[in-house]
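Participant: My questions will all concern the structure given below.
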Amino acid sequence: MAHGPAKGITRWLYTTNHKDIGSMYLWFSFLMFLLGGVFALVIRAELFEPGLQIVEPEFFNQMTTMHGLVMVFGAVMPAFVGLANWMVPMMIGAPDMALPRMNNWSFWILPFAFAMLASTLFMEGGAPNFGWTFYAPLSTTYAPPSVTFFIFAVHIMGASSIMGAINIIATILNMRAPGMTLMKMPLFVWTWLITAYLLIAVMPVLAGVVTMMLMDIHFGTSFFSAAGGGDPVLFQHVFWFFGHPEVYIMILPAFGVVSAIIPTFARKPLFGYASMVYATASIAFLSFIVWAHHMFTVGMPIAGELFFMYATMLIAVPTGVKVFNWVTTMFKGSMTFETPMLFSVAFVILFTIGGFSGLMLAIAPADFQYHDTYFVVAHFHYVLVPGAIFSITAGVYYWLPKWCGNMYDETMGKMHFWMAFIGLNLTFFPMHFAGLAGMPRRIPDYNMMFADWNMISSVGAFLFGAAQLLFLYNVIATIVSGKKATDRVWEGSHGLEWTVPSPAPYHTFSTPPEVK
Amino acid sequence: MAGETEKANVLLSAKLVALGVAMFAFAIFVMPPLYDVFCEITGLNGKTGAQYQAREITVDTSREITVQFVATNNEAMPWVFEPGVKSIKVHPGQPVDVIYRAVNPTNRDMVAQAVPSLVPFKAAQFFHKTECFCFNNQPLKAGETAELGLQFIVDLDVPKQVNTITLSYTLFDITDATEAKVAGNNRAQTP
């Protein structure tokens, strides 16, 4: 039982160990984060000034598309699966994931999917250029030939996500230590359980929509072609039926991460644990009945507009419960502001700003003005960057000492935080103004009147990018030469993962712990 | 004990895989037909119903509705395509014949498909076509001209606030698709 990891490259190729696989997921997602970041910086460099300077419009379109795809499917989702792999078994007192071999498989197909997706950049006709939402007929009739590679890449990513989700559900439902009842589970485990169900429900729908595209392109069907009796609007409905739960897939685990961190550094138990669980479940349910708010301008009956508008606004209620609980957890706590806490507090504030702009967009009549402007870009970057990305970063700083046994450099961590915080606000806050003034998204050139806001955005984007390099350096320096961390790591930490030594041994909880 | 957990894992995974497969099938086989049905019921997209069998003819001469005709070519469709009359006034219940004119000015044989749309949406289900060129595709030889017939009846039950109905046809070039004769399109065509 006490055997350690195998040596050499085969350790990583053949591993069925949840910690190894978790680490690989996290490194892979960081690599994708940098790749998607480079694409973003190409976009921001082009938009630094009005006019066309650096890239051709065709290539600009490929950049916006690849940036979105790589960040959503390559950076955010695998990062959360990586955190789940590392933390879920340790949080519930399980020796490993329920299906370790499938776990290996679900990771190792990902590099192939993204190699295939990235290779389209070098193909004749270029990479996909139809936006990450790949609306038909842009992605069917007018798509570059590389769209077929895109379709298969999405199939593989979907298969990987579904397998990961099945594994997580099986682990949580079947592998909990004795005494670990559902309502005693840490919130990160709860949010991932619900996220995994969302994944299994909607990733097949994504696979379905790309399969229909494939058949329209190569096999003469007309799902999305009006000439053959189909309808391009159908594409948007099916896509957003996947797409809306997808945005909660990217944010629910983030809720779990900050719900673990805030109580630690506020030195108070999480306020309203049960309401957090129910709020998460309500958000997951509501996510299935609001998809058409992405397509208010497509031409819907007034009853449809009203239904989707009110249903969307309803999501603010459980989300408000969560924000209230985090704030109340901090209220009168003995707070300290180590790096994970800084990222988590920023998460609460900035995610709430993103939520408010979301409410503005939910107002159907107002959405006709905001639709497809930079206001939308500002909105979803405010929920994804300080939402998903900040929570992942916070999670990495919070658990890194447990993973590698060494403490990160606090000064460098704080430096990273402030650079990222200032960088992201400089990048995305001006986009609200540019968008409200009418700047359309996904266009490589713009009117002179938007020049100042765009210049600020571009400067902020490069600052944010530089901050991530500092993050990379800090993580490597910690692993290589950090100070030894204690088992408890944080004074206020609670939970099973802090009862094992630092670094966490290769095998933990081979005999289940007693949970009281 | 360990064996039991394993059994439970396999069983649960099988259930979850089944859920995934069901959702895939739902996306491909249920959502598109469901969307068509939904559009037909609500008149969304101005999709008019398929061929309609006329009932006993009673004409409501007290009401007069203006029907406007619009013709559009999709993308690079080179045909001349226009309605015979821009608009006519009809009584609900009265069968009306109109024509569209199509010319293929190119030097190759082509096939076209007209796709209708109608506003206001709430009138869509009260606009019945008893004959329409849009029920079939339209082959035209190089340089050929055709008169395309359309017979319709505005339903007696058309809502009171509807005074004008605009019927639009968009003409698509489906020459390539017809030549390829690829099977596989199982979707009900409701032009």
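Even glycines carry a Cβ here, placed using N, Cα and C.
Those TrEMBL annotations? Automatic predictions, nothing curated.
Heads up, here are the entries from TrEMBL:
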DOMAIN    A:12-516  domain 'Cytochrome oxidase subunit I profile'
TRANSMEM  A:25-45  transmembrane segment
TRANSMEM  A:65-86  transmembrane segment
TRANSMEM  A:107-127  transmembrane segment
TRANSMEM  A:147-175  transmembrane segment
TRANSMEM  A:187-215  transmembrane segment
TRANSMEM  A:247-266  transmembrane segment
TRANSMEM  A:273-294  transmembrane segment
TRANSMEM  A:306-328  transmembrane segment
TRANSMEM  A:340-364  transmembrane segment
TRANSMEM  A:376-400  transmembrane segment
TRANSMEM  A:420-439  transmembrane segment
TRANSMEM  A:459-480  transmembrane segment
Participant: Please work out whether the transmembrane segment (A:247-266) lies in contact with the transmembrane segment (A:420-439), by counting C-beta pairs under 8 angstroms that are 6 or more apart in sequence and asking whether there are at least 3.
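Facilitator: Answer no, regions not in contact.
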Participant: When you scan the chain for residues with a C-beta under 8 Å from the transmembrane segment (A:273-294), skipping those not six or more beyond its ends, what do you find?
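Facilitator: The answer is 183, 187, 190-191, 194-195, 197-198, 201, 236-237, 240-241, 243-245, 247-248, 252, 255, 259, 300, 304, 308-309, 311-312, 314-315, 317-319, 321-322, 325, 361-362, 364, 367.
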Participant: Within this structure, do the transmembrane segment (A:376-400) and the transmembrane segment (A:65-86) have 3 or more Cβ pairs under 8 angstroms, counting pairs 6 or more apart in sequence?
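Facilitator: They are in contact.
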Participant: What stretch, picked from A:147-175, A:340-364, A:376-400, A:420-439, A:459-480, has the most CB pairs under 8 A with the transmembrane segment (A:25-45)?
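Facilitator: Stretch with maximum Cβ contacts: A:459-480.
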Participant: Limited to the domain 'Cytochrome oxidase subunit I profile' (A:12-516), I'd like the whole-number average of pLDDT.
Facilitator: 95
Participant: Take the transmembrane segment (A:420-439) and find every residue of the same chain, 6 or more past its ends, with a Cβ under 8 Å from one of its Cβ atoms.
Facilitator: 44, 342, 346, 350, 357, 370, 373-378, 381-382, 385-386, 390, 393, 446-447, 449-450, 453-454, 456-468, 471
